[in-house]
Amino acid sequence: MFTTKDTDHVTAAAEAAYEAFTATRTSRRARMLRAACSVLQRRASYFAPAAGAVAWGGWIYTEAWLTDPSWQEPVAYGATGILVGAVTGGAAVLGIRQPAAFPALYGGTVATGTLLWSSWQVIAPSLPGAAIGLVGAAAASFPFWGWLAKHRLDRDKLEAKAAKNAPPKAEVVLAPDDVAGALEATGTPGAALEQMLRHPDGSWTAILSLPVGVSPRDVASSALRVSRLEAALRLAPGWTLEVVDGGASHHLIVTARPPAPEVVVEFPTRHPLLDELEEWDPWQPLVAAIDIETGEEVYLHLLARAGILVAGLQRMGKSVLLSVVVAHLALTRARLILVDGKLVELSMWAPLCQHEDDFVGRDPLAFLAKLLEVQREIDRRYARLVKEGRTKAEPDDGWEPIAVIVDELATFIDIPDRKVRAQIISVLRDVLSRGPACLVPVLVASQKPQDDVIPSQIRDVCGQKVALATTTPEMTDTILGRGWAKKGANAHEFGENDKGRAVLLEDGSRPRKVQTFPFEPPERRLVIERARELWPDRPGARVPLPDIDDPDPRPEPPTPRGPGGGGGGGGGRPVLRAVPTYPDGSRIEENRLEMWQALEKAGPKGLTKGEAVRMGICNHHSTITPWLNQWLAQGWVEESGKRDRSVVFVLSAAQHTPVAEAPADSKENASCPASM
Ligand SMILES: Nc1ncnc2c1ncn2[C@@H]1O[C@H](COP(=O)(O)OP(=O)(O)OP(=O)(O)O)[C@@H](O)[C@H]1O
């Protein structure tokens, strides 16, 4: 038996239906008995004083009648007691729930009546005396009647108000004979309802035992049967039905759920990062969006999970989300490597880069070279992890985070050179999967959610995927993985006005529908200004402008190492924008550039051949010996004593790689002045 207290109208309707259902299962007499017992049980506290008073009055007057038999006294007093008792009982049955008021009113009424009547009897015992006593007792009950009337009036008012404000009544019908009957109507006769459970949220669960020969699994797994059962149950709109196999017990478990209550979620228009523009710890998750169903903050993890993939149709909010991630990274000590097929999206962050060539534009070969450089660093870091018997980096390892942000993956994947494409996919996959564990977070974004642009090898190693609006379920699956569109990740249902609306899927979790924060250029500039204040000496990267900066439009493809690389020379590098040269102006060969730069970086401390090998510049001393000999002969390098019994090589004073100047007539990118 249920109470309607504290339940909503849906629950009340469901209860009524359920009570009707249970009523059909018992005989009329049993139902009446049960109702009587129920009233007695629930209203016992109201009946007790009435019953006590009637018994007490009856006893006094029976005794009086025995000693002085006359009919007036017992009838008069008995009538009074019965009247007041009936009033009390009636009010109790009508549902007035004030246990303390009842006995008090009742007791007062009876006591006053008794006093008046007894006094009159003493003064002038007679029949009129009895009648006056009766009237007095009745008059004494006026306060009670007044109270009762007011109470009913108030209650009616409240009910009228509640009915006015209540949402339209939902129809929840459990068919007569209900779930078993409905099941029979769908072609599965003979089921018996074993148990009906009501849940506090208004949902219900029916446990049915099926006849021998009918498999609960067959019923539960047949979409047709389940939808027929749903129709036969005539559930109100918005209700959902779940049918599961009860297992060995040969039971079928049917659960109906009311629609989830609507949560009104307010979307903040300002990202919380803007309220605290201080150095940010990349180990903590960053607030990426708001869950549109619950209003909770939803996070992206830069280091604790594998890479991040963001994709969706054009103009739906990819760059905005990307900027939120870059803004967080800009406020860390991370080295930013920005790869932007469109140049304009990430170029405003270029002044925060720590290396001049850490901005890659529309150049797949330059991208591959950068990926190989990052891959070599990952190899070095993993070598240390292996030596130290660890599986991932810790915050106090002393490694500098290296964040790789790639916008518009299509520029680097959707290219005619299949070989370079395959190399890029292979190395990017490796960097995405191994990077975060050694402080190399990677984010890739694409505005073309198609298989040929987001290969499954790339998608599958991304531990966090964000699907902004797409147009088809296939596109959604391309971003999130096969089958997710069918399981409710419906990015393809977002409309063109749903800017920043996305489905976020984290490995091992259910997809969440989210709304990203707006993060427009003025807000991005605030972060940039603050980062420049925090780290004023970052040199920034040059944004390569096509046809202006790149002197060699057809550079030779680099030679990536095979999988698992292991710190080799890394092959050649494509010609990048500034042509590195020796002091005599001749170009530094691709395969020697890394060694030359290592010498530059080492400064007067110099470098031994062994150190160069350990840094992964080459596999063996013999590789660099001829280069060093040549540079010694030219006078660009000097020997400067020994360290650990090895000769230390240093660049001769003032040797450095001059940076090629942009031609005087070249246009300057507004977001990246040549001064950068
Ligand atoms: N969370 C958001 N709230 C409000 N507006 C947003 C949100 N995200 C994006 N927008 C708006 O949507 C528009 C497109 O955003 P954005 O530039 O990020 O799209 P995009 O997918 O990167 O486009 P493209 O693919 O062309 O680069 C912008 O005008 C931006 O202001």
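Placed from the backbone N, Cα and C atoms, the Cβ positions cover glycine too.
Bear in mind that TrEMBL entries carry predicted annotations, made automatically and left uncurated.
Per TrEMBL, the features are as follows:
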type: BINDING; residues: G312, L313, Q314, R315, M316, G317, K318, S319; note: ATP binding site
type: COMPBIAS; residues: 562-573; note: compositional bias 'Gly residues'
type: DOMAIN; residues: 295-477; note: domain 'FtsK'
type: REGION; residues: 537-583; note: region 'Disordered'
type: TRANSMEM; residues: 44-62; note: transmembrane segment
type: TRANSMEM; residues: 74-96; note: transmembrane segment
type: TRANSMEM; residues: 103-123; note: transmembrane segment
type: TRANSMEM; residues: 129-148; note: transmembrane segment
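Here the binding-site residues are Q314, S319, and the one whose Cβ sees the fewest other Cβ atoms within 10 Å is Q314. The binding-site residues examined here are R315, K318; by Cβ neighbour count within 10 Å, the least packed of them is R315. When averaged over the domain 'FtsK' (295-477), pLDDT in the model lands at 90.
Here the binding-site residues are L313, M316, and the one with the most other Cβ atoms within 10 Å of its Cβ is M316. Each of the binding-site residues G312, G317 was scored by the other Cβ atoms within 10 Å of its Cβ; the lowest score goes to G317. Listed in chain order, the extra residues whose Cβ falls within 8 Å of the Cβ center of the ATP site residues G312, L313, Q314, R315, M316, G317, K318, S319 are Q447, L468, A469, K499.
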